[in-house]
Amino acid sequence: MSKSILVQRSIKRSRSPSLGLSSVKSEGVPESPHRAKKRKLLESYASESPFQNFSSPTPSEALKVFNVLSKAHPQHSTIRIAPKLASNSAATCGSVPNVIDSLIGTILSQNTSGKNSSSAKASLDAVFGRNNFAAIAAATREAVVEAIRHGGLANKKAATIQNLLKSIHERHGKYSLQHLTEEGKDGQKRSNEEIMKELTSYDGVGPKTASCVLMFCLGRDSFAVDTHIFRISKVLGWVPANADRILTQAHLDIMLPADLKYGLHVLMIQHGRTCKGCKRSGSSAPCILKECLKQSGPMKLLTKEEELTV
């Protein structure tokens, strides 16, 4: 583990001077109110935490949690795996080389089990062909809904996927976002902020989905916050009690050391899925993370009502 991650850092993070947020334009696509809200949030917290006076997690706190969870879940590798063309993008958090395929797989994985989302993606590929985005875009809504029905929320996800493909084609003249894997016009590597801004400019693509694409498709150091990570972050006291998931991601993406982000994401999701001791108040089950909590107070557990709002 690099010693650099133990160095205390400012809550501010510098951006690439040549690839700022203003470098990505949404030409030809009118901006919806929801999209404008996402853009404003991303611009506001791209370089500094939304919780300026909140110092957790420190690099040492993050490393301690990483070490504890690594021992608790040794079967889950924290070594980044290169995206594979043959992978089911819904089963691998978007770990495929094609950016649109990664987006679609991540969208299908929202609010459902891995088994259901994998089945939906396999069915989509079987019906329309792998990465045949033109066929998906041209299909009737009913045909796409039927293809992904196993994944749940089929009507909503079908609309999101078809609208996404339409917007991509309107903006770029083709069904491709592979330019995000390439250097920018100035010959420099595109910044995470630039990529995040383009991805979230599409309706239906939020910060978590975009961050998954950054991590698993593009191999970037980003930190996506799902339901499990959000809950555990509050248990650990890494964010204020009133933080929502979007602000939690903005805070943790800045505070966590880059070389721990991938591993912590994998481990915290696995722990959240399997640990009964940190889910809700009243649980008497043990939790390995209790030793990571500060001495200043008891473990913060979510009530059943709070958990439903996560």
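Every residue, even glycine, has its Cβ placed from backbone N, Cα and C.
Owing to the predicted nature of the structure, the values given are computational and were not obtained by experimental measurement.
Which of 1-41, 165-205 counts as region 'Disordered' depends on TrEMBL, and there it is 1-41. Predicted-model confidence for the domain 'HhH-GPD' (108-274) is 93, expressed as mean pLDDT.
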